[in-house]
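Features as listed in TrEMBL:
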type	residues	note
DOMAIN	B:7-189	domain 'Tr-type G'
BINDING	B:Asp19, B:His20, B:Gly21, B:Lys22, B:Ser23, B:Thr24, B:Asn136, B:Lys137, B:Ile138, B:Asp139	GTP binding site
Amino acid sequence: MHQSSAIQASAVPARAPFDAGFGVYVHWPFCASKCPYCDFNSHVRRSPVDEARYVAAFRTELAHRAAIAPDRTVTSIFFGGGTPSLMQGATVGAILDAIAALWPVAPDAEITLEANPTSVEAGRFRDYRAAGVNRVSLGVQALNDPDLKRLGRLHSAEEALAAVRVAGDIFERYSFDLIYARPQQTAGAWRAELEQAISHAVEHLSLYQLTIEPGTWFDRLYRAGKLTTPDEDLARALWDVTQEVCDRHGMPAYEVSNHARPGAESRHNLVYWRYGEYAGVGPGAHGRLVGADGRLAMATELAPEKWLEQVERQGHGLTGAERLTPEAQGDEYLVMGLRLAEGIVPARYAALAGRPLAASRIRDLTELGLLRAEGERLAITPAGFPVLNAVISQLAA
Amino acid sequence: MATHPFDNIRNFSIVAHIDHGKSTLADRLIQETGTVAARDMGEQMLDSMDIEKERGITIKAQTVRLEYRAQDGRDYILNLMDTPGHVDFAYEVSRSLAACEGSILVVDASQGVEAQTLANVYQALDANHEIVPVLNKIDLPAAEPERVKEQIEDVIGIDASEAIPVSAKTGLGIPDVLEAIVKRLPPPKGDETAPLKAMLVDSWYDSYLGVVVLVRIIDGVLKKGMTIRMMGSGANYGVDKVGVFRPKMTDVAQLGPGEVGFFTGSIKEVADTRVGDTITEERRLTAEALPGFKPAQPVVFCGLFPVDAADFENLRAAMGKLRLNDASFSYEMETSAALGFGFRCGFLGLLHLEIIQERLEREFNLDLISTAPSVVYKLNMADGTQIELHNPADMPDVMKISSIEEPWIRATIMTPDDYLGAIIKLCQDRRGEQVDLNYVGKRAMVVYDLPLNEVVFDFYDRLKSVSKGYASFDYAISGYRQGDLVKMSLLVNAEPVDALAMLVHRTRAEMRGRAMCEKLRELIPQHLFQIPIQAAIGGKIIARETIRALRKDVTAKCYGGDASRKRKLLDKQKEGKKRMRQFGKVEIPQEAFIAALKMDE
């Protein structure tokens, strides 16, 4: 993150200070295999999935959301998972058609699909492009084979880089993910790997510190003492390397784990972080829609088959649509918004939460050099980002 | 002196170490005499509180009247006085014993004499009791009656040749115990025509009857309708009800010399009744009060604070209710910068402290933080006055103090000799002075003089751990001695934390200070800034540790706009902060206070 100057709003402008856009999230819950670090809603199926039946269910659930939130213009669509690159191109096309039939889609809408960088999946990239996808996000995760193996990935580094090249030929925009702070990873090795990643003319990188999530295989190994994560000092050194290398190459962090050349930020993810509205469909998808009686937090059934049956029976797969209290809305705005380098607008916090942030807490954190207020914005400083969680919990208390 | 009517009365108590079977034996005696039908027998009839049952200790004195037809064909009344079995209640024990003429000494036939057995049996001997030794658990394969008899003679110095072998569990030998009570213990003496003279043995609050007073009549009679006077307080009360325990309360017309029973009347609070006080008749006063009466004196103090500040009023109400039944426990409001509003409480000893704290938590559903137990120091001031210090936070300016005295105890520890070395080291480390060291078979008995402030600081836990639980320990307060004591403060981020201040011996200050600082460094979570932790005497820092500022926390990937999960994490953090005490800019978890005060070396 730049040590310098004023709080930089992301180059992608918000349409109005309080309007962060409207995104549609489509969750494809299937994977070829489960990765040992992953706690997302993903499922492995031995027999082929009836994609036509899922398309029909997506169509039904999208119509349900459109009834709650009509009159929106879709600014982004995101196929996440799971592994959406297991879908056939026609399936993606049918879902995009269903969205376009319910809401107008902005001409410059960003339409992203998450893909695994295997040769099989790269073979489908042209079909996705033809269906309307204009951006892919590749789960590369590492650029050396032993680590890829340990992370449970099915591709080699060479295969991944080949997929990156195919993506570059076919899509206007692409991004890839890397996981750092892997077991035994040194700061020097990470620096070299990151330099190599950037050399592939990428415009956007998601760089995540490995997190041991409860219930994952890594969690079991960790508890059994068979997997160690870096201590605080090494984790910080790896963080510092990440910022230094990316800044030098003109890809500052616009979000705590996301780096982009100015203008290449993920517009869909900005909707989340700017606490905009988004409809989520598919098993285990989340949404935030402002309906007639306030902002709703929506979540759907996790198990794919149960979700399917519920949608077919009830017209939606929701397990809950909770009306958020002002305090909850304020908290969500903080936990999402402060991930961004551009920070939050305290006036919007006050409007959502029904009370302003505590001036004394802002002052304390500012004195510690972890937070800075400027104009209408309040943002985490470069010194504050590595301890973001602690800063947010201090500010929100 | 008329002796005839009381020839058939025997008043006795049972002296034993915890777990040697006192309560089981009492239950057997109750059953054998048919006082309670077998089907109504519960385990441990006499210990009525859950805590008493669980810990196998007796807190309140209780009595039960047994009716027994002896082998000589005559009917006897046997009053079993169950005494509190712990040193914290030494005074109460001495009063209960003073109400009896004899004791049954119960010794586990495999374990032998323990420290607590000794302390209690000496008290019984001090009360001029006739003692009947009983060897319990004789049915166990590990029983060694001959060895234990020898031990009783060696250590206690009483004749054990006629010790009765019993098994309270199976009922073996119980009739022999009853016969021995009748034949070997003396009947009480007294004068029925003299003015009333009775000893107040104990009292408690009953929600139906009000204050119930347990008494032993020495001379005269106590009847319904009388007006009595408590000689200690000088207050007069009407008597509404007179009765005995069988073990249920049963009304009787009157209680005469040698009898043990209860009365109720116009007494409002347990605090109006004092254990050991002499009760007489208002219209016909007895000439002389009974000897040995003294008001309850708290020995150990600590602060009790609610974990949730909103519970303060509930805590106050709960303490009021407990005090209804236990006037020896005292409390007054205290404010701590670290812990908020709470109470400074006085206790008869450490067990008493634990019991009260446990009852508050269990019976009143309160979460409490207690500060380090402190003893009562006597400060000799430069101006010649003497003040008592109950709370280290109240320590006056040292320039105004000429000397400090601290209470000492005489501790008796019995242990298998394997652990003797470690126990001696522990006592020496705690500034102990060895008084005596003896061997009784394979067991060693070591007597130490120790400062009480070293004992209240986790001495029991250490003793248990170095002896793997085999050592037994008992003590009596032996008096005050001058000591080179200093107040040690703990500073977190340069602010003194009042709840952690303590008086320590100068030679122990640095070690204690270092240990406290290290412990706090582990217990206080990292903050966004660096936190110095210091121990200081006056302005001088004697130990220091630093908690580094947090450098990196892990920010997980955000999955598909799942803001709920992030918000719930934040909610959890907020909830966690509620259990923290804000101290300047530092948040200290409550657990840190508890753990810091409970430390191992």
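Cβ coordinates are placed from backbone N, Cα and C, and glycine is handled just like the others.
Long-range Cβ proximity for B:Asn136 (GTP binding site), meaning a same-chain Cβ under 8 A and a gap of 6 or more residues, is found for B:His20, B:Gly21, B:Thr24, B:Leu25, B:Val106, B:Val107, B:Asp108, B:Ala109, B:Val166, B:Ser167, B:Ala168. Averaged across the domain 'Tr-type G' (B:7-189), pLDDT in this predicted model comes to 83. Take the CB of B:Ile138 (GTP binding site) and look out to 10 A: across all protein chains shown you find 21 other CB atoms.
According to its DSSP assignment, B:Gly21 (GTP binding site) is coil.
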